[in-house]
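Q: Pulled from TrEMBL, these are the listed features:
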type     : residues : note
DOMAIN   : 39-74    : domain 'EF-hand'
DOMAIN   : 75-110   : domain 'EF-hand'
DOMAIN   : 119-154  : domain 'EF-hand'
TRANSMEM : 193-211  : transmembrane segment
TRANSMEM : 231-250  : transmembrane segment
TRANSMEM : 270-292  : transmembrane segment
TRANSMEM : 312-338  : transmembrane segment
TRANSMEM : 350-368  : transmembrane segment
TRANSMEM : 388-408  : transmembrane segment
DOMAIN   : 394-572  : domain 'FAD-binding FR-type'
TRANSMEM : 579-600  : transmembrane segment
Amino acid sequence: MNLDDDTKWLEWVAKQFESIAGEDKEIDLEEFKAALKVKESFFAERFFALFDLDGSGTISLDELLEALKLLVHGSETDKLRFLFQVYDVDGSGSIEPEELRTVLESCLKESSISLPEKKLDDLTLALFESADSDNSGSITFEELREELERFPEVMENLTISAASWLKPPTALRKSHAPRYLRPAYWHNNRSKLLFLGSYLCMNIILFTFAALKHVDSGPWIMLAKGCGQCLNFNCAFIVVLMLRRCLTWLRATWVARLLPLDQNVILHQLMGYAVAVLTAVHTGAHVANFVRMSQTKGTYQLWEYLFTTQPGIGWIYGTASLTGLMLQLLIALMLVCSSTFVRKGGHFEVFYWTHLSYIFIWALLIVHGPNFWKWFVVPGFLFLLEKIFGVAMSHVGGLYIVEINLLPSKVTHLVIKRPPFFHYKPGDYVYLNIPVIAKYEWHPFTISSAPEQPGTIWLHIRSLGQWTNRLYEYFWNQQECHDHRSEWLDRKAKAKKKNRSQKWVQKCLFGSSDLDQPVASSSDEMVEILSYMPIRHPSWETASIPGRLSENQRLCNIKCYIDGPYGTPTRRIFTSEHAVLIGAGIGITPFASILQSIMFRHRMRKQTSSSQENMKLLKVDFIWINRDQKSFEWFVSLLTELEINQAEEDPSNRFLEMHLYMTSALGKNDMKAIGLQMALDLLAKKEKKDSITGLKTRTQPGRPDWNKLFQKLAKENKGKVHVFFCGSPALAKVIKAHCEQFKFQFFKEHF
């Protein structure tokens with residue numbers, strides 16, 4: 001910072017302090033905790049004690065500014081001294097093992113990481129042994145400095161959340177050209193821009209020719225006819241964008257390189273808005289013309305033009321006005337009910353049922369306009385074929401959910417019996433219908449199992465909407481009923497065994513009523529007798545109840561239907577040279593299938609020594625970003641298997657490289673996490689595995705530094721980089737902007 005920036009920053013900090021401190025102009029511990037937004041009070045108390053220079057129990061503005069200057073503008077030694085004082089709880093001038101353990105325990109809580117006590121002891125020992133170079137049993141300031149110097153990335157930017165909480169206002173960025181005008185944007189979006197340009201030109205040409213044909217009828221008729229001809233085209237072509245089977249087939253052809261097939265849903269929505277606007281203008285122009293005719297000719301009143309067939313306007317019994325008004329209402333209703341607020345606000349049924357009004361819209365369009373059927377006949381025929389084929393295929397054979405597994409973060413893992421005729425590609429998705437959840441609702445989900453997996457297909461469904469929440473709750477309630485029933489059966493069996501044991505003991509101890517019958521005919525019978533007694537030897541314990549797979553996993557037999565499979569942008573992965581797969585949270589599901597298939601083909605390629613195993617891939621980078629520790633449990637077994645498959649490969653030249661990030665964990669540049677991250681690194685090197693996931697790949701704290709990561713990928717020179725993303729739209733925008741900067745091709749899941 002220069003002097004001007006520093007002055008502005010100090011003024012801004014003073015204003016922030018006044019808003020927090022109140023009338024007494026002092027910040028106490030509770031106000032400090034709330035402002036610092038730390039999860040663990042240990043760090044708030046330690047920071048407060050170090051900020052409170054006079055030991056008064058409150059922090060003044062001068063004390064706060066002095067402390068923040070040290071943390072933001074201070075030297076490396078100043079920051080290290082502050083860190084050492086945080087760790088030196090008793091102020092003895094050295095850090096003892098118990099103090100270090102307390103700090104690391106607080107670090108774990110601050111980063112929302114849960115580890116066993118044994119693992120915490122291992123982390124403490126690993127860091128302490130590494131830092132205590134003279135084996136004195138304590139860590140001095142110089143030893144801590146030497147330890148930190150082994151982690152240069154930590155020394156670059158040492159700060160705490162307080163510096164972020166009271167940081168200078170963001171400096172005004174230098175003006176740059178809008179991203180839509182940059183060459184990289186045009187290069188990466190050329191197929192979409194070419195399509196949109198052609199679409200716009202087509203509408204202009206149709207409007208112009210239709211309007212010129214009616215130049216003698218006045219401007220209102222010209223406007224209405226021009227919009228009407230555009231509506232003929234748009235209302236027919238909007239169907240083409242939702243021919244999923246045809247689009248899936250086209251993805252395997254050269255057409256996929258020319259047309260933006262991967263963005264068909266976005267283009268469908270865009271065309272829907274165009275239809276709504278054209279309909280409103282078309283209707284308005286006709287109404288304006290009816291007003292003119294009712295005033296000049298006087299043959300019919302305005303209401304007769306609008307609500308009767310007497311004027312004879314239209315090619316079928318003069319119904320153009322009536323059908324036009326009905327079309328206007330239906331299209332407006334469909335537009336409103338297709339909004340994001342309705343679809344993702346727990347009202348999917350409203351969107352679904354109102355969207356089915358397209359059947360009535362097409363019927364009304366055929367009656368309304370004399371030329372619409374000519375535009376509609378081919379797309380309509382293809383749409384009808386797809387629907388008939390889809391219904392037939394979804395009801396052929398018996399499809400059943402044979403196993404469910406309730407995973408962390410309300411994720412439902414469904415295992416569905418795979419029909420013999422069902423063939424799909426990695427990353428494909430299906431529409432799923434489960435009658436017991438909702439009889440008429442179909443929802444799209446990515447297949448998470450690989451095509452090479454026989455017998456079953458997997459779906460991982462996160463509870464984000466009304467239907468997915470009902471699905472999770474249904475199986476959760478089923479699991480609860482199953483557990484209660486098992487518990488009741490266990491109690492009943494124990495009661496029965498207890499009753500039998502009393503009779504058997506009496507028989508064993510006092511003999512049978514029939515003195516001629518032996519108490520036990522064999523040693524096996526004697527073991528059986530003893531097994532019913534209340535006190536048993538551990539070696540005689542019976543096996544667990546059959547059918548219980550795990551706590552949240554069970555077998556079932558629930559009817560379901562699937563429509564698909566349908567292709568996605570991820571089908572291009574196998575024609576890429578360097579593929580970067582980025583999944584956020586449950587966004588890993590398409591890549592779970594793809595990674596399994598990629599490794600299968602990679603092994604086949606190595607075994608056959610062929611470079612043409614239906615795959616051009618030279619390198620795959622898999623990036624998985626999760627919010628918390630439990631989210632990694634979804635596919636940790638799959639990732640472990642992938643690491644085992646690569647165990648024999650050179651680590652510096654691996655075909656598959658994994659990058660795991662946990663956003664709730666604080667980074668190495670935060671004082672509340674420095675010790676923990678250093679200990680995790682040291683223990684990972686020692687045990688050859690990550691303490692959070694158990695994988696060999698180290699879980700990185702925080703979010704990826706996309707600029708740094710993409711620079712690394714670009715320097716590897718493994719061919720043209722294609723980035724495939726599945727996750728939140730907000731993150732997609734960030735990654736897409738970086739892809740444009742590095743001229744990487746970007747693909748996002750759309751369905």
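Just so you know, glycine gets a Cβ as well, placed from its N, Cα and C.
No curator has checked TrEMBL annotations; they are predicted automatically.
Let's see these features in context: how buried, what's close, how far.
A: When averaged over the domain 'EF-hand' (39-74), pLDDT in the model lands at 79.
Mapped onto DSSP classes, the domain 'EF-hand' (75-110) shows 26 helix, 1 strand, 9 coil.
Away from its own ends, the domain 'EF-hand' (119-154) comes close to residues 80-81, 83-84, 87, 93-97, 100-101, 104-105, 108, 668-669, 674-683, 686-687, 691 of its chain (Cβ-Cβ under 8 Å, at least six residues beyond either end).
Within its own chain, the transmembrane segment (193-211) is flanked in space by residues 186, 222-223, 225-230, 232-234, 258-260, 267, 274, which lie at least six positions past its ends and keep a Cβ under 8 Å from the stretch.
Note on the transmembrane segment (270-292): residues 203, 218, 220-221, 223-224, 227-228, 230-231, 234-235, 237-238, 241, 302, 305-306, 321, 324-325, 327-328, 331-332, 334-335, 338 of its chain, located 6 or more positions outside it, place their CB under 8 angstroms from a CB of the stretch.
Counting residues 6+ beyond its ends, the transmembrane segment (312-338) has Cβ neighbours under 8 Å at 269, 272-273, 275-276, 279-280, 282-283, 286, 290, 305-306, 350-351, 354-355, 357-358, 360-361, 364-365, 367-370 in the same chain.
Counting residues 6+ beyond its ends, the transmembrane segment (579-600) has Cβ neighbours under 8 Å at 409, 411, 426-429, 445-453, 458-460, 462, 568, 570, 573, 615, 617, 619-627, 631, 634-635, 638, 642, 645, 656, 713, 721-728, 731, 735, 744, 749 in the same chain.
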Q: For the transmembrane segment (350-368), what are the same-chain contacts with Cβ under 8 Å, counting residues 6+ beyond its ends?
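A: Contacts with the transmembrane segment (350-368): 231, 235, 314, 316, 319-320, 323-324, 326-327, 330-331, 333-334, 337-338, 342-343, 376, 380, 440-441.
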Q: How about long-range neighbours of the transmembrane segment (231-250): same chain, 6 or more residues beyond its ends, C-beta under 8 Å?
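A: Sequence-distant neighbours of the transmembrane segment (231-250): 202-203, 206, 256, 259, 261, 264-265, 267-268, 271-272, 274-275, 278-279, 282, 361-362, 365, 369, 371-372, 374-376, 379-380, 382-383, 386, 389-390, 428, 564-567.
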Q: As a quick check of your reading of DSSP, tell me how many residues in the domain 'EF-hand' (119-154) are helical, how many are strand and how many are coil.
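A: Tallied per class, the domain 'EF-hand' (119-154) gives 24 helix, 1 strand, 11 coil.
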